[in-house]
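Each remark here refers to the structure printed beneath this line.
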């Protein structure tokens, strides 16, 4: 890859980390759709597709955004990158609440999560780059709302699957301090590694215990 001279070394490392995630996400989508096609129902296919597509969207927008020099195009992809995070959080919930948990509360939670994601997208369309603390807290709260269906979840999937889900969530959350620690060299690339780890753990959980 030929880098622009206007791209910092930190941005280049960020591109590499999420480019790895992009390759992984494309592979993961294929694996999940194949499994859903062979063993599942239409709900499995929808859950696998939504999760895989939003995973690809998150890594794609981030990879492109970090590969661009400062300017209007980079800013636009920054907006898309932040929007994609909301979509990915909702996409991660979808297979669990659509396939594993079918009770009324779970369906209401799924609607709430997607409604919040849409509201977050609208917010990011106008306020990207401002009030980042608010968005970061919103991401974390959305992610951990899964505890509201904890009792049903631990009954529906094996202990190993629950642990994969929880540890994946911990990876995302543990990466937040690095995300906001702007004085730390390569802080954003470190954050990307936590995101990549969480994504892999959640993929394994969905593939083995949901789809």
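Keep in mind that glycine also has a Cβ here, set from the backbone N, Cα and C atoms.
Because TrEMBL annotations are produced automatically, they should be read as predictions rather than curated entries.
Of the listed candidates (66, 82, 102), TrEMBL assigns 66 to the same Zn(2+) site as 188, 192. Those same-chain residues not listed among 66, 188, 192 yet with C-beta within 8 angstroms of the centroid of the Zn(2+) site C-beta atoms are 10, 11, 13, 14, 15, 17, 18, 62, 189, 191. Counting every protein chain shown, 19 other Cβ atoms lie within 10 Å of the Cβ of residue 188 (Zn(2+) binding site). Tertiary proximity for the transmembrane segment (84-102) is limited to same-chain residues at least six positions away from its ends with a CB under 8 Å from its CB atoms, namely 40, 43-44, 46-48, 50-51, 53-55, 57-58, 60-62, 109-110, 113-114, 116-118, 120-121, 124, 139, 142-143, 146, 149, 152-153, 156-157, 165, 202, 206, 209-211.
Relative to the transmembrane segment (12-37), the listed stretch 189-210 leads the set 108-126, 133-150, 162-182, 189-210 in CB pairs under 8 A.
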